Amino acid sequence: MLHIPPENVWIALAVTLAAGLATAIGSLLVLFSRRPNPRLLAFGLAFAGGAMVYVSLSEILNKSIASFALAYGERTGFTYGTLAFLLGVIVIVLIDHFIPNPHDSLDKQDPAFRENSREYLKRVALLTSIAITAHNFPEGLATFFATLESPSVGMPLAFAIAIHNIPEGIAIAVPVYFATQNKFYAFSASLLSGLAEPVGAALGYWLLSGSLSHATFGWVFGLIAGVMVFLALDELLPAAKRYAKGHETVYGLVAGMGTLAISLVLFKW
């Protein structure tokens, strides 16, 4: 079993908490501005998607393979790392199948934005909150374990997830605010959803802390990489394209990848 210094656990948990709290920023943008800028949302979503794809394929998947290689040898390690990645994709596909896409309610043309449909708004608010909270659990695990094993990987990943959490905060706050006309309720709903990330991280560590090994990290990192890549390709990039008026999606995608590439190089130094 690997020994993890207690201070590393607290650092990883703090980073995960900071990423989760970004949902509250999204709610504040709704409550204290006229309307979210759709082109900025498009760029931000694509930026987060590019960052998550890059760090998942260039760092997290490689760490899965390296961890398995330390446990079982190079050839077996590569095989297990690939299987863990594919298993992560399958897991998030199943979650996505049963829980609706949390970005659907951001559309200003959706009936949820009509002030005379309070009951519909309440239903949208509830479903959106549940959806985003469920998606935040694996994101919390990803941030926590990536930071726990390597802050140089965890910090950029947390940054990407934080950016992606801002529009999720908007997705929660908008229907809650229109349904209740209460800013506190809208802010609280977004905040509580974001707190699912550190809660998921704490639960994951509690379950796995007694059996942390190279093989355990291999499975965790492989699953994380699969989950993050699927979320980026299935949710973030399509949502970005939905709000884009021009080339914001491509610019955001390239900027996200470039920013993560540079930050990872800087962390190496």
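The backbone N, Cα and C atoms fix where each Cβ goes, glycine too.
What you see is a predicted model, and the numbers here were worked out from it, not measured in a lab.
Per Swiss-Prot, Zn(2+) is bound by HIS164, GLU168; the candidate from GLU119, GLU139 named for the same site is GLU139. For the Fe(2+) site, Swiss-Prot lists ASN136, GLU139, ASN165, GLU168; matching the candidates GLU74, GLU197 against that entry yields GLU197. If one looks beyond the transmembrane segment (125-145) by at least 6 residues along the same chain, the residues whose Cβ comes under 8 Å of a Cβ in the stretch are 12-13, 15-16, 19-20, 23, 60, 91-92, 95, 99-102, 104-105, 154, 157-158, 161, 165, 168, 171-172, 175-176, 179, 189, 192-194, 196-201, 204-205, 217, 220-221, 224, 227-228, 231.
Pairs of Cβ atoms less than 8 Å apart link the transmembrane segment (217-237) most often to 80-100, out of 11-31, 40-60, 80-100, 187-207. Within 8 Å of the Cβ centroid of the Zn(2+) site, not counting the listed residues GLU139, HIS164, GLU168, the chain contributes ALA22, THR23, ALA48, ILE132, HIS135, ASN136, ILE161, ASN165, LEU231. Note: the Fe(2+) site is recorded as ASN136, GLU139, ASN165, GLU168, GLU197; in the same chain, ALA19, GLY20, ALA22, THR23, ILE132, HIS135, GLY140, ILE161, HIS164, SER193, GLY194, ALA196 also have Cβ atoms within 8 Å of that site's Cβ centroid.
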